[in-house]
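Worksheet: one structure, shown below.
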Amino acid sequence: MANNLDAMRKIPPGIWLIRKIRGKDYSLKTHRYMVLLVTFIAYTSYHASRKPSSIVKSALDPEPNKTTNVYPWPIGNVFVKDEFSSENKGKFGYKGWEPFNGKDGTEKLGLIDVAFLACYSLGMFGAGHLGDTLDLRLFLTSGMIGSGIFVGLFGMGYFWNIHVFGFYLVMQMVAGLFQATGWPSVVAVIGNWFGKRKRGLIMGIWNAHTSVGNITGSLIAASVLEYGWGWYFIAPGTFIAIAGILVFLFLAAYPEDIGFPCPNGPAARAEAVPCDVEAQTQNEGTVEEGKSTPIRDRSGARRSVGLLEACLIPGVIPFAFCLFFSKLVAYTFLYWLPFYLSQTEIGGEYMSVKSAGNLSTLFDVGGIVGGILAGHISDKLRARAITAASFMYAAIPSMLLYRLYGNLSRTVNIVLMMIAGLFINGPYALITTAVSADLGTHSSLRGDSRALATVTAIIDGTGSIGAALGPLLTGFLSTKGWDTVFVMLMLGALIAGLLLSRQVVVEINEKTCKSMRSSSGQQSSEAPPSQPLLGDQR
């Protein structure tokens, strides 16, 4: 009876209700699709709730004397007509908002961004350990609803007429801590459900939620533009809170929580259950209500590992520092590419801020392709480090070509930009998804341990520090010329690749040994009957 009650508490309410209505459960394959969809929506909402902070800067601290296209894409005239008339400025609140519309307004907005990223990076390490200690479904739900509340409270400053800088700073800092719950949790859930055989390809496709979230956040902000800047935050905050409720109702964080064997647990090993969950889809049917398999290795029964123990897992530290430099390069393009395009003569002319914003999105398109391609190649080769390092090395000439020849014409710029995005974002996506999931289930861990969220937090938390440092350095180096910035980016890519040298050597040695064993085995099997095989010698 106690076991049944424990099972009831673990099954998400939405899945439990579906079982009651249908009288039976869905197949393992269907549950895996549901996990992909729910986690995709979850992290899309995380990124959607982060996007408004970059968009709202123009409303809080407008600079009407620069150009007629003051507000960045997509808030520009793509969505709003006659936005710069004096009537609309007063209606939409574009005259600025104290304390951000003074001489130090830009500095205060920058301080808020740094505070958010700092709390996000530091919070990631603690969030990873908590994610492995607590129930991932409840932990992720709490983080999403908490994020929604504090993102919304930032926007409520508009309606409450708050002009105290400390209020907005604290709201962003607390929101950053709650936002840190997202990435370790969703990667851990995907790692729990999907084996290594196709993990790279699946996660490469699934990782598109980052770009989808950025676009969704922009569209949500644009749709509420006429009602005041406070809605920039309230609407995305509501979106992530609703997505959090969806997670609570339908996300099964662990296969064993709904009756399927755990692919990494000791009970599964004792029963010789295949380690790869994908292999189980061939044998698992549906779980009838009241007839589900005994759940002896529940998610709550396994211990979590500490930060130090997770750092000692082979490969965690090198991949973490590789991601530091990889994210430094990727986020510099993310934050500075539109500005670079607007300041660079392309095909004999300069483009507007709006056109530069539109064009820069193609870098992300190349990144989506790169993430999928890197995942697929690493699956085929079964070599994550070789794939990631190769992409980072290839990013160096791609950035050099973009800097040297990107100004010839818009077509050349687009092609070279997408190629650069492919090689820059490919390893970034691979390391934060498939590599983190692989290391979180490393063979050096005991069968009863959980380290997926902790390892993911260590790797991505370290990478997030680089993500904050890159754009910050670019602000200083760009005053010396863009050539200096690109030298920094190419050095960053080179260091990222070199940091994986040891893992690359290990993977090459493994493949060499396997090749030698397979060739020697083939020769032995072709030996004449009169010559005994090596294994038959006495």
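Numbers here mean position along the shown chain, with the first residue as 1.
Quick reminder: no glycine exception, Cβ is built from N, Cα and C everywhere.
Here TrEMBL flags 30-48 (among others) as transmembrane segment.
What TrEMBL records for 38-509 is domain 'Major facilitator superfamily (MFS) profile'.
The transmembrane segment feature in TrEMBL is assigned to 109-131 (among others).
Sequence annotations record features per position, and here TrEMBL assigns transmembrane segment to 138-160 (among others).
The annotation transmembrane segment is assigned in TrEMBL to 166-194 (among others). For the transmembrane segment (166-194), the residues of the chain that approach it from at least six positions outside its boundaries are 31-32, 35-36, 39, 42-43, 46, 49-50, 53, 111-112, 115-124, 126-128, 130-132, 136, 139-140, 142-144, 146-147, 150-151, 153-154, 157, 202-203, 206, 251, 253-255, 263, 277-278, 432-433, 436-438, 440-441, 450, 452-454, 456-457, 460-461, judged by C-beta separation under 8 angstroms.
Beyond the transmembrane segment (206-225), the same-chain residues lying 6 or more positions past its ends with a Cβ under 8 Å from any Cβ of the stretch are 36, 39-41, 43-52, 55-56, 74-75, 78-80, 92, 190, 231-232, 234-236, 239, 364-365, 367-368, 371, 429, 432-433. Annotation source TrEMBL lists transmembrane segment at 206-225 (among others).
Feature annotation from TrEMBL assigns transmembrane segment to 231-254 (among others). Only residues 6 or more beyond the boundaries of the transmembrane segment (231-254), in the same chain, are considered here, and those with a CB under 8 A from a CB of the stretch are 11-15, 31, 34-35, 38-39, 41-42, 44-46, 48-49, 51-52, 55-56, 59, 135-138, 140-145, 147-152, 154-156, 188-189, 192, 216-217, 220-221, 223-225, 262, 298-299.
Among the features that TrEMBL reports, transmembrane segment is placed at 306-336 (among others). Proximity of distant same-chain residues to the transmembrane segment (306-336), defined by a Cβ-Cβ separation under 8 Å and at least 6 residues beyond the stretch ends, is recorded for 125, 128-129, 363, 367, 385, 388, 392, 395, 420-421, 424-425, 427-428, 431-432, 435-436, 439, 442, 444-445, 451, 454-455, 458-460, 462-471, 473-474, 478, 485, 489, 492-493, 495-497, 499-500, 502-503.
Tertiary neighbourhood of the transmembrane segment (386-405): same-chain residues 319, 322, 326, 329, 370, 374, 377-378, 412-413, 416-417, 419-420, 422-424, 426-427, 430-431, 435, 482-483, 486, 489-490, 493-494, 496-497, 500-501, 503-504, 507-508, selected by CB-CB distance under 8 Å and a gap of 6+ residues from either end. Sequence annotations record features per position, and here TrEMBL assigns transmembrane segment to 386-405 (among others).
Counting same-chain residues at least six beyond the ends of the transmembrane segment (411-431), those with a Cβ under 8 angstroms from any Cβ of the stretch are 200, 203-204, 207, 319, 322-323, 326-327, 329-330, 333, 337, 341, 346-347, 359-360, 362-371, 373-375, 378, 384, 387-389, 391-392, 394-395, 398-399, 401-402, 405, 459, 463, 493, 496. Annotated transmembrane segment per TrEMBL: 411-431 (among others), in sequence order.
Counting only same-chain residues 6+ beyond the ends of the transmembrane segment (485-505), those with a CB under 8 A from a CB of the stretch are 315, 318-319, 321-326, 328-329, 332-333, 336, 384-386, 388-390, 392-393, 395-396, 399-400, 403, 424, 427, 470, 473-474, 477-478. Marked as transmembrane segment by TrEMBL: 485-505 (among others).
TrEMBL lists 515-528 with the feature compositional bias 'Low complexity'.
Sequence annotations record features per position, and here TrEMBL assigns region 'Disordered' to 515-538.
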